[in-house]
Amino acid sequence: MATSAIQQSAFTGKTGLRQGNEFIRKRGNFGQARFTMRRTVKSAPESIWYGPDRPKYLGPFSEQIPSYLTGEFPGDYGWDTAGLSADPETFARNRELEVIHSRWAMLGALGCTFPELLEKNGVKFGEAVWFKAGSQIFAEGGLDYLGNPNLIHAQSILAIWATQVVLMGFVEGYRVGGGPLGEGLDPLYPGGAFDPLGLADDPDSFAELKVKELKNGRLAMFSMFGFFVQAIVTGKGPIQNLYDHVADPVANNAWAFATNFVPGQ
């Protein structure tokens with residue numbers, strides 16, 4: 001019983017904290033709407049990133065903060081000019097989407113930069129530029145993972161597409177629709193087997209890690225947008241663009257390319 005209580009406190013915060021507002025989260029389940037009530041416990045007040053005295057998006061010059069942005073959730077800087085968080089159900093859905101996209105963006109940013117960085121340091125494994133790597137499947141011989149045909153050898157784009165749809169569709173459908181493996185777990189921060197290092201065991205540290213995850217995730221989403229723009233404008237990967245900028249900052253920067261860029265040329 002004591003062990004169970006300790007584990008429960010690691011995910012809900014310290015005993016005696018004021019419970020926050022109830023949020024209704026609508027979740028699709030194979031075409032049928034399913035509503036679940038979830039009460040969120042306010043994060044540890046010791047953290048400077050939560051509560052009414054948390055940092056705001058413009059610091060002391062921030063305008064009046066909406067009443068529904070109380071600092072209860074990580075990443076809340078009091079900015080909602082468009083009123084996207086006014087509806088509790090929409091707010092809950094948007095928070096879930098932001099966390100998930102943040103995690104994908106962090107993985108994507110690593111995948112866009114790490115292979116190119118390795119190639120710059122002498123590691124050879126075929127095409128390293130992220131937006132060119134996938135096209136190797138159309139080349140003679142197909143696409144070899146890490147340039148090694150003994151690992152994953154892909155020759156059919158249709159097979160890759162079907163595999164992606166089946167595997168990702170199954171996992172995402174299970175996450176959205178729910179299932180026995182997820183019963184009783186927070187859909188965003190499940191813990192347990194998903195936290196093998198026990199990083200969320202301490203509620204104060206857990207509250208800080210939630211903020212760090214969102215801050216880095218937001219940066220990663222902007223980075224991915226920048227990688228797409230760089231690919232369209234320069235036709236180079238992010239590491240090569242960085243090298244070019246360091247070598248000649250005046251000629252290789254966003255302003256220089258924006259003033260000279262002609263679509264289609």
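Heads up, residue numbers simply count up from 1 along the chain you see.
Every residue, even glycine, has its Cβ placed from backbone N, Cα and C.
Copied over from Swiss-Prot, here are the features:
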- R38: N2-acetylarginine (MOD_RES)
- T40: phosphothreonine (MOD_RES)
- W79, S85, E98, R218: chlorophyll a 1 binding site (BINDING)
- H101: chlorophyll a 2 binding site (BINDING)
- R103, I152, L181: chlorophyll b 2 binding site (BINDING)
- Q136, L146, E213: chlorophyll a 3 binding site (BINDING)
- S156, E172: chlorophyll b 3 binding site (BINDING)
- Q164, R175: chlorophyll b 4 binding site (BINDING)
- N216: chlorophyll a 4 binding site (BINDING)
- H245, A254: chlorophyll a 6 binding site (BINDING)
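Shown here: features listed in Swiss-Prot, placed on the structure.
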residue: W79; record: chlorophyll a 1 binding site; Cβ neighbours (10 Å): 15
residue: S85; record: chlorophyll a 1 binding site; Cβ neighbours (10 Å): 18
residue: E98; record: chlorophyll a 1 binding site; Cβ neighbours (10 Å): 16
residue: R103; record: chlorophyll b 2 binding site; Cβ neighbours (10 Å): 15
residue: Q136; record: chlorophyll a 3 binding site; Cβ neighbours (10 Å): 16
residue: I152; record: chlorophyll b 2 binding site; Cβ neighbours (10 Å): 11
residue: Q164; record: chlorophyll b 4 binding site; Cβ neighbours (10 Å): 10
residue: R175; record: chlorophyll b 4 binding site; Cβ neighbours (10 Å): 14
residue: N216; record: chlorophyll a 4 binding site; Cβ neighbours (10 Å): 16
residue: A254; record: chlorophyll a 6 binding site; Cβ neighbours (10 Å): 12
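Each residue in G75, D76, Y77, D80, N94 lies on the same chain as W79, S85, E98, R218 and has a C-beta within 8 Å of the C-beta centroid of that chlorophyll a 1 site, without being one of the site residues. Distance from the CA of S156 (chlorophyll b 3 binding site) to the CA of Q136 (chlorophyll a 3 binding site) is 11 Å.
In space, H101 is the closest of the binding-site residues H101, S156, E172, A254 to W79 (chlorophyll a 1 binding site), judged by Cα positions. The two recorded residues R175 (chlorophyll b 4 binding site) and H101 (chlorophyll a 2 binding site) have their Cα atoms spaced 14 Å from each other.
DSSP classifies R103 (chlorophyll b 2 binding site) as helix under the three-state reduction. The highest number of surrounding Cβ atoms within 10 Å, among the binding-site residues E172, E213, is found at E213. Take the Cα of E213 (chlorophyll a 3 binding site) and measure to each of the binding-site residues S85, R103, Q164, E172: the nearest one is R103.
Applying an 8 A CB threshold to same-chain residues 6+ apart, the list for the residue listed as 'chlorophyll a 2 binding site' reads G217, M221. Looking only at Cα atoms, I152 (chlorophyll b 2 binding site) sits nearest to Q164 among the binding-site residues S85, E98, Q164, H245, A254.
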